[in-house]
Every structure is written in structure tokens, then in C-alpha cells.
Amino acid sequence: MNTQILILATSAFFYVRADKICLGHHAVSNGTKVDTLTEKGIEVVNATETVEQTNIPKICSKGKQTVDLGQCGLLGTVIGPPQCDQFLEFSANLIVERREGNDICYPGKFDNEETLRKILRKSGGIKKENMGFTYTGVRTNGETSACRRSRSSFYAEMKWLLSSTDNGTFPQMTKSYKNTKKVPALIIWGIHHSGSTTEQTRLYGSGNKLITVWSSKYQQSFVPNPGPRPQMNGQSGRIDFHWLMLDPNDTVTFSFNGAFIAPDRASFLRGKSLGIQSDAQLDNNCEGECYHIGGTIISNLPFQNINSRAIGKCPRYVKQKSLMLATGMKNVPEAPAHKQLTHHMRKKRGLFGAIAGFIENGWEGLIDGWYGYKHQNAQGEGTAADYKSTQSAINQITGKLNRLIEKTNQQFELIDNEFNEIEKQIGNVINWTRDSIIEVWSYNAEFLVAVENQHTIDLTDSEMNKLYEKVRRQLRENAEEDGNGCFEIFHQCDNDCMASIRNNTYDHKKYRKEAIQNRIQIDAVKLSSGYKDIILWFSFGASCFLFLAIAMGLVFICIKNGNMRCTICI
């Protein structure tokens, strides 16, 4: 039998690794989530809190001229009950009212009390001037057991005018005071409502009583209303205190025939101050500019969630407990399976029309900058940060928190001023209006932070895109984008070559000839990734068919020549 030996030759295929440079951005394993205008919970590399929640439970008074009123109520400083004797005149830029403080001794109330309290809180203290009133035919030493010093007395800054004798006639009187100062004068007087008609007659004589007060801007008449009332401090009578701010060179006139509590001294405000109501302890070892009932807020943040009634140089109160401001790029932690040179990429439009960042996975090892390169060549692999693009992004983000504070201050100061004008006309802003303002502030805060976050993410994405385009323009036809943030270079590119790409000094003409030759060789056999599997299977099938055909041909020739016999047994 003739024997033929068939030798099958096999071809060996090998892969030559191409030089490659990839672009990426910094990432961390655990970023911070922020909200933008279009999306909530976006993770960024860096973010800072804009809402202060830390309170110091003390009144920080270092560097302040502080007056602690203790048992004296603020309004008491202008009428002079016994508990306020030491505060009839004072200077301060921080006035602290305590819960135990009381404005009065003989029971009564102030007209437009909160507005007067607000004026006094801002007063900077009080100084007094005698109004020069003298009286004949009446007693000026009315006193009460409700206002005790060593014995029965009265308000230090007021005169309780009585008939010269019990049940005696009270004469009609007119008294005037001209403000000769260059600042407004605070004038306070009282109307006495006796506990009964009998008491009123005993104190001021019989007949109807009428008190009239006028100036160039004010005119009002008062009629006392005697009658029984619940006893307070042992008294069933009441004193209603009224007041006005008398302009310079203006004159106030009082006309009365009884039941009149006359002012003795006019009050003048010394300057400016902050007045707070708090039982927190004074602390002269810390400084503060923002105060509330629970203590001091010390913060450089634009917003706070501690107290809506804080006063001074304060962050604006918002309902949100946290509003994170992005100060870094969008973070996509590097997955273990993707800690290679290649990275998935995506492109989309940002809110403001710029191309948003397209590199999906960051590099956690890129710690020297926000953007950078990785490369591989015959000399190995390397990583380098791009400082120019990093600094460009940082420069645009630096000061973002301060700019946010400026925006909120400008916006909210306008709102404050508008409502201050309303308060002068109609009194205090009612609570529902205050709540509405807080709603507006809270919405504005959330909106402004979301806008800034959107801008930051678009900005940092744009810097990534600029860096990518810079590399693409340098390499031109000497490399090909692989769609994964990398460029496959068609020539040998050593470390100096890679450095020239990073430094924007790459000379594509120098490598053009080599790159074109290698591109032609690669393109001749390059398969599109979409059809690679199909062609490989087709090639395998065709090879098997060809091998089978050759084998059958050899068998047929051998049978024909008698070198092989086929016997079929049934």
C-alpha cells in the first residue's frame, strides 16, 4: 500500500501592543451628592455645606459694650420702675433682655409696644434731658405700693399729678416742650384708668377728664375709663403709656385736667446697637455678630437652620437642613473592572449648551490634579496630571461660596427693606407674612445652590472636553480615537513623545510618515468590532469544509488507483 504523508502547516498569530495615550479625570471612592436644576443626588468629588446648624449656647460678647438688663425690661429704661434704676441712662452696642425682666411696676401696658421695643433695641443706649415742666395747684408726688424702693414710690421718669387735696378740683393745664436737639426725642406719657369712679374723683376731682396731645405730626385725645379690673401688684387701676418721636425743632403740647401721668425727662437714643432676648450666659471669651434666643451663631456660610428670629450679621434662615454646594467635578468612582487605560465614555449636552463631560469613569489614583493622562508605550506605563486645565477649573470655582453669599445678601436685603417700610406704616409684620418670607428665602436658597451646582458640573466637564480636543488636534491622522477616551498612536511614541503631547508641543509632521505606513498595514487587516465574531465563525466553518473536501478527494484518488479498497458488509 502506497503511503502518503500529509503535512498540515499552521500559522502563528501574534499581537503587537500599540502605543496609547488616554485622558481622564480625578475620582474618589465616595463622593458627595448634590442637587442641580435638572437632577437630584448627583455625586461630585468635592462639595461644601452652605447651611449652618451649629449653635453656641452662649452670648459671645467679646469686644462688645454689653448691657445685661437682668430684671429690668427694655421699655422700663424710659419710664423708670425701681428694677430699672441703674439703666435709666446707658450706652451699649449689645443689649440683652432677660425673661425675668419687667417693664412696669404699677400695672399697665404700652401702646404699639413692639415697635417701641424695636426702636430701643437699636438705640445704642439712652440719655435723658429734663423737659422743664413745673406745676402749681396740684401735687406731683403721687406714689404707689406697687412701685416700692425703700417705701412706696413711682416711676422715676414720670410724674403722677394729683389734685392738691383729696376730691379737690384739678385745674386745666397746658404744658409744652420743644426739642432743641439735632436728633429726635422719645416722649412718653401715661393715662391713668382708676379702679373706680370714686377713686378717680378722689384723685382728680369730679367731672369728665380729657387729655389731648399734639405736635406737628401727631394729635390724639384720651378719655380715662375708670372701673374695676383684676388686681395686679395689689392694684385694680391701670396706666396706658403712649409715646411719640419728636423731631428736632418740633414742639409737643399736653393739655389735661386730670388722670395724666406726665413725662419728666425726654429720652434720646445714643447710636446703634443690637438688642436680643435670651437667657443664655454671657461669654466674654468669644466673638459674635449673630444672636438669637438660644445663643450665638458664628458662621461664614450663607444660610442657617438654627433660628428664624436671629438678628445681626447672620446667615439667612432657610427650612432646609442641608444644601450642598459643588466645588468639584462630577464623580464616577473607578470600578475594579475598569481600572485600566480604557474607560467608557459618553457625550451629552449640558444645561447651558456646552458639551458635558464625557469620560464616565474617573481615576482614583489621579491625586495631583483634576485632569490628567495615562499612557503606555515600549517603556511601560505612566500617569501625569494636567495642571493648566486643573487650575482653569479651580480659578472659576474659587470664591463660589462668597459669590453665593453676595447673591443671597443682595436678594434678601431688598426683601428686608421693603418689609421695614411696611412695619413703619402698619406695625409689625404678622406671623404668616414672616413664614411666607421664609418660604421665599428657602426657595431662593435651593434655586441658587442648584444653579451654581449645574454651572460647576458643566464647567468641569467643559474643561475635560477642552483637554481632549487639544490632544486630538495635535495628533491628527497620527492616531485614532478608540471611543473610550484613548488615542491609539500609529508610531512609536517614547516618554519624551508622550510628554510633548501633554505639553502641547507635539510635532505631528515628525511622525507622519511612520504613522501613515503603520495605519495602512493595520487598516488592511482591521476588522470592525461589530462583525468580528461573525467573520471568525465563518472563517472557521470555511476552513473545516475545505479540510473535509481535501480529505474526501484524497480518499477518492486512492480508491481509483487501487491503493485503497472500500468493502461494505451487510
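Cβ from N, Cα, C; glycine included.
Bond annotation: of CYS286, CYS314, only CYS314 is listed by Swiss-Prot as forming a disulfide with CYS290. Between CYS72 and the candidates CYS84, CYS105, Swiss-Prot records the disulphide pairing with CYS84.
Of the cysteines CYS286, CYS486, CYS493, only one is given by Swiss-Prot as the disulfide partner of CYS60: CYS286. Per Cα geometry, CYS314 is the residue among the disulfide-bonded residues CYS72, CYS147, CYS314, CYS493, CYS497 nearest to ASN46 (N-linked glycosylation site). DSSP assigns ASN46 (N-linked glycosylation site) to coil, not to a helix or a strand. Each residue contributes its Cα atom, and for ASN249 (N-linked glycosylation site) and CYS84 (disulfide bond) those atoms are 30 Å apart. Least packed by the Cβ count within 10 Å, out of the glycosylation sites ASN30, ASN46, ASN167, ASN249, ASN503, is ASN30.
Residue with the densest Cβ environment among the disulfide-bonded residues CYS60, CYS286, CYS497: CYS60, by other Cβ atoms within 10 Å. When the C-alpha distances from CYS60 (disulfide bond) to the recorded positions CYS84, CYS290, CYS314, CYS497, ASN503 are tabulated, the minimum falls on CYS290.
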